[in-house]
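**Q** Here it is, the structure in full.
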């Protein structure tokens, strides 16, 4: 490693040329004035033997990449059944091939790539991907798995080059690369049609860009600097477009960027216009480009999925009206008394007004009213007049059209009960009144009455009628004066995790969660309307879908009434307390068990604690005036030690606070950062050992990591026959291998 010069040390630590002693503990040693600095010939320090050729930088990554593809692809097609979450993501890929709109809690990039793998494999999207089903001959599932496994395999050379950018020794670089290569959980999860290999791949690319861009910090505004800034933005956009977990590595890059800009702001030698250019470059590269990539994926998502499908109800009515094959375009335009309708909430992520025979466990005990994101006959309501008006006669040719300020009743089509509210607190949002279904056509009271307040109409200024799809309106309770509202609060399991629907006391006309529109409409007395020309703005659809994804993700909480043998808790992951059975455990099934390499897991978890202990020791000795660390050492701890540690914390701690159900694979991005911390400690301390001793330490570690990986390789390549023959792998009773 070349000796760092004074200029490099100053910039790397954030110190200017006038304050080289910024991070030193003053112990009576005079600081050398800047005027007395010794000039060093940079060209001599940077010069390396021109005749030397670094064969290792060519051979090592090629060898690691070959081994990565072997460990990820070997016997990849021997299990011909739909395994674990292939039932979800394979099905989502099918929707892209059939161009049917669907809904999922994850952004679309990974699933579009799954669809691409099916397209390249010659698959037509007809298979249903039911869990445990056998793949038919026309589905080339092996190719689709190979496509996914490629992302997992490429993580290995990415880890190698990231360590190279961190200027680690060969021993430490090989160690980190081997740990990624020989991590059984990475090898296993990469072999199936899942999103995790893609998430890991883009997490790894983001860290490589992070390390490379840091190395170019003294070459600002060069073509290479701009190129890696743009690549960083593209990588961030991609990782966030696979899963929202990508926001954690984005936060890590954001933290580094904020620190870097702050250091530059404190460097008085940098002119203000140059600082402004630095700021603008980062805003464009690390905010605008990722945002554009993220939004472009949703634009492609909407463009491809232009046919009606199972996820229609998650979107706005106008969006659905423009899907091919939808029945919304066959509806009458003007809504009349006696019409059967579905009523859509217009808030972001809003669902359809819904009721079912189940009752509230507390409060009134009456029939529940919710919002539901799927099409169902329990979403249908009849529009009736109040009881003090002329009754609706289905045999009469006369038509009455409710409009602004008119009072109506809504009758649930399946149970015949009235939409009702009363002065009883809502089940979750206690500040609002409960909304229920009560009575029937003849039994009821004035609390069944709702006044229409038109907010807007996209095709007309005439508010004397309610129009299908285009009219946004509010429903005001005539007795309580409250407004029907459906926010993004999920009911408990007794309410099937559906959206709580309440009557809010505050009158906020701009609250879109109190806005509703008629979506589906049936009335044989009325002519059909052509609404295909009504377009829904992309930005509105983009925001609407993202809020719906967030709402549904928050609803994925553990069900206390059910036992989930696959779920696990956050504290179990770092200590490898549990694994996960990915399929049936029958003797005639090729079985896969999602479990990490014990040496990698336990070693990296221990390294997190050792890092803290080592830092504390150095800190105490620094306070006592000891000079254990040079400026170069401090920078190495800062950028190559603390940032991976923070990356681990960013990817791990949020799962401690999340209320949603969690599984072992949620730890896999955090594991990579723990591996980097482990590699940092080896790199830092082994450099201080005699060369032979250091290589002995590395050699032993390599052998143990590889040996344990090979020992546990059946859980990755597939276990045939009775599980009892693999009992030797059951090191703890919590590992349900046998």
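Using the three backbone atoms N, Cα and C, a Cβ is placed for every residue, glycine included.
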**Q** Between 9-30, 31-52, 53-74, I'd like to know which one TrEMBL lists as transmembrane segment.
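**A** Per TrEMBL, the stretch marked transmembrane segment is 53-74.
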**Q** Quick test of your reading of TrEMBL: among 104-125, 170-191, 192-213, 302-323, where does it put transmembrane segment?
**A** 192-213
**Q** Between the transmembrane segment (667-686) and the transmembrane segment (599-620), are there at least three Cβ pairs closer than 8 Å, leaving out pairs fewer than 6 positions apart?
**A** yes
**Q** Per DSSP, what is the residue tally for the domain 'MIR' (332-386) in helix, strand and coil?
**A** 3 helix, 27 strand, 25 coil
**Q** What parts of the chain pack near the transmembrane segment (641-661), using Cβ distances under 8 Å and only residues at least 6 beyond its ends?
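**A** The answer is 207, 210, 245, 248-249, 251-252, 255-256, 553-554, 556-558, 564, 567, 570, 573-574, 608, 611, 667, 669-670, 673-674, 676-677, 680-681, 684.
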**Q** Using DSSP, break the domain 'MIR' (463-521) down into helix, strand and coil residues and give each count.
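**A** Split by secondary structure, the domain 'MIR' (463-521) comes out as 6 helix, 28 strand, 25 coil.
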**Q** Sort out the residues at least 6 away from either end of the transmembrane segment (192-213), same chain, that have Cβ-Cβ distances under 8 Å to it, and list them.
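**A** Apart from its flanks, the transmembrane segment (192-213) reaches 83-86, 89-90, 93, 106, 109-111, 113-114, 117, 141, 144-145, 148-149, 151-152, 154-155, 158-159, 161-162, 165-166, 186, 225, 228-229, 231-232, 235-236, 238-239, 242-243, 245-246, 249-250, 252-253, 256, 582, 643, 647, 665, 668-669, 672, 676.
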**Q** Mind checking which residues reach the transmembrane segment (225-255)? Cβ under 8 Å, same chain, six or more beyond either end.
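**A** Here the qualifying positions are 106-110, 195, 198-199, 202-203, 205-207, 209-210, 212-213, 216, 219, 281-282, 284-294, 297, 553, 643, 646-647, 650-651, 654, 666, 669.
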**Q** Using DSSP, what's the helix, strand and coil tally for the domain 'MIR' (397-455)?
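**A** Residue counts for the domain 'MIR' (397-455) by secondary structure: 3 helix, 26 strand, 30 coil.
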